[in-house]
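Written out below as C-alpha cells is the structure these notes cover.
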C-alpha cells in the first residue's frame with residue numbers, strides 16, 4: 001500500500017513536533033477544567049493569604065502532569081491502513097482502537113494554528129457517516145504526508161464504490177468536472193465584511209472583558225470608576241452633551257476596529273471551491289482551516305443580510321452539515337461572509353434539485369403576531385418605565401418612546417415572516433431590520449412537532465418546528481389547521497421518499 005512514497009501500511013507516529021502541540025492541548029484542557037480552583041488561589045493570594053507556596057506547587061504539578069501526559073500520548077499513538085480501512089491505536093491508561101472502512105469516510109479536513117504553520121504540519125480530522133463526532137483526530141502530520149494520506153484514502157474509496165456502490169454513489173464519483181473557484185475574499189472584501197459585522201455584539205464582548213478585568217483588579221467596580229472619573233466630574237457636568245457624544249464615538253470606533261480585526265483573522269484569504277460533489281473552504285490567518293463539505297451531508301442552506309451588507313449587495317452564506325447533539329452545533333455550520341447573490345444561487349443549485357427551485361407562493365403567518373410583539377416589547381416595558389416616575393420624575397416619560405418602536409418591530413417582523421413549500425423543498429423567511437432565509441429538503445427532516453402556547457390555543461394558532469440533523473426550522477403563529485396539514489404533508493413525503501437523509 002504505497003502512495004506518493006508513503007507506506008501507510010506500517011504503523012507510524014506523528015512527527016516529534018506533535019509533543020509540543022499535544023502539550024498545549026493538555027494545558028488548555030487542564031485550565032478549562034480547573035480554572036475555578038486557580039482563580040480562588042489567586043484571589044486568596046491577593047487578599048493577603050499565605051498561598052504563595054501552594055500556588056507554586058499547583059503550577060509545578062500542572063506542568064509535570066501536562067508534560068508527562070503529552071509525552072505518553074505521543075508514544076502511545078499510532079495510525080496505519082489495513083484491509084481498506086484506516087486504523088488508529090491510542091490511549092495511555094485505556095487503550096482504544098478505532099477502525100473506519102474507507103466507504104464510510106465522508107470528509108477529511110485539515111486545520112493549522114500558528115504553531116502548525118511554523119513547522120509546516122496540519123491537524124487532521126476524519127468524519128464518517130453517522131458519527132457523533134470526528135472519529136479520528138490526528139494532532140499533527142507533515143503537510144505532504146497528510147495530503148498523500150487523504151488522496152490515497154479517497155482513491156481507494158472511489159475504487160470500492162465503483163465495484164460495489166449504489167447507482168447514486170457511482171454517478172457522484174463518475175463526475176469528472178473540475179472544482180471552480182466560486183469565491184475569494186480579497187482585502188477590500190474583508191474590509192466590507194468587517195464594516196458590516198454586528199458591532200453591538202462586539203461592543204458587548206468588549207464591555208464584558210473590561211468589567212471582568214476590572215473586577216479582578218478591584219473588589220468594588222463602582223468605587224474604582226468613581227475614583228478614575230472623579231477628576232473629570234466638573235467637566236462632564238458642564239459638558240454633558242459633548243461627553244455623551246464623545247463616549248458614543250469612542251465605543252463605536254473601538255467596536256468597529258474589534259469587528260474588523262476579528263474578520264481579518266478569521267476570514268483572511270477565504271476561498272470557496274464548488275464542484276458537483278460538494279464544496280471546499282479554506283480560510284484564516286493564524287488558524288488556517290481547510291474544510292471539505294460533502295454534498296450529501298448538507299442539511300440546510302441559509303443566507304442573511306443587514307442594512308450595511310445591503311449597501312454592498314453582500315450576504316452571509318451558511319451551510320449546515322449533519323451533526324449530533326454531542327458536537328458543537330456551531331462547528332457543523334460553515335459561514336461564508338461576503339457572498340453575492342449569484343454565488344449563493346450556484347451553491348443552492350449544487351445542493352438542491354434545480355427543477356424545484358422556482359418561485360413559490362408565500363404563506364404569511366397570523367397578523368396577531370404584531371399584537372404580541374407590541375404587548376411584550378412595547379406596552380410592558382413602557383409600563384415598567386413609567387412606574388419609576390417617583391424616582392426619576394419627568395424622565396420616566398421617555399420610556400413611552402418604546403411604544404412606537406414596538407409598532408415598527410411588529411410590522412417589520414410580520415411583513416418578512418413567511419414560508420414557501422413544494423414537494424421537495426421548504427423555505428423559511430424572517431427578519432426585522434435585516435433578512436434571513438433558510439432552505440432544506442423535506443426528506444431530510446427527521447422530526448416534526450406542532451406546539452401551542454396558552455395564547456395560541458385560545459386563538460387556534462400553532463408553531464410548527466422541523467428538526468434536521470443540522471438544526472431546526474421553525475414557522476410560528478400559523479393557524480392550527482394549517483400547521484396540522486403541513487405536518488401531515490411533510491410526514492407523508494418523508495415516508496414515501498426512499499432517499500437517504502445523508
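We number each residue from 1, going along the chain as drawn.
The backbone N, Cα and C atoms fix where each Cβ goes, and this holds for glycine too.
Curation plays no part in TrEMBL annotations; they are all automatic predictions.
When the ranges 216-240, 241-265, 266-290 are checked against TrEMBL, the one recorded as transmembrane segment is 241-265. Tertiary neighbourhood of the transmembrane segment (396-414): same-chain residues 364-365, 367, 369-374, 377-379, 381-382, 384-389, 430-433, selected by CB-CB distance under 8 Å and a gap of 6+ residues from either end. Secondary structure of the domain 'YdbS-like PH' (267-326), assigned with DSSP and counted as helix (H, G, I), strand (E, B) and coil, comes to 10 helix, 33 strand, 17 coil. Note on the transmembrane segment (371-390): residues 396-400, 402-403, 405-407, 409-410, 413, 455, 477 of its chain, located 6 or more positions outside it, place their CB under 8 angstroms from a CB of the stretch.
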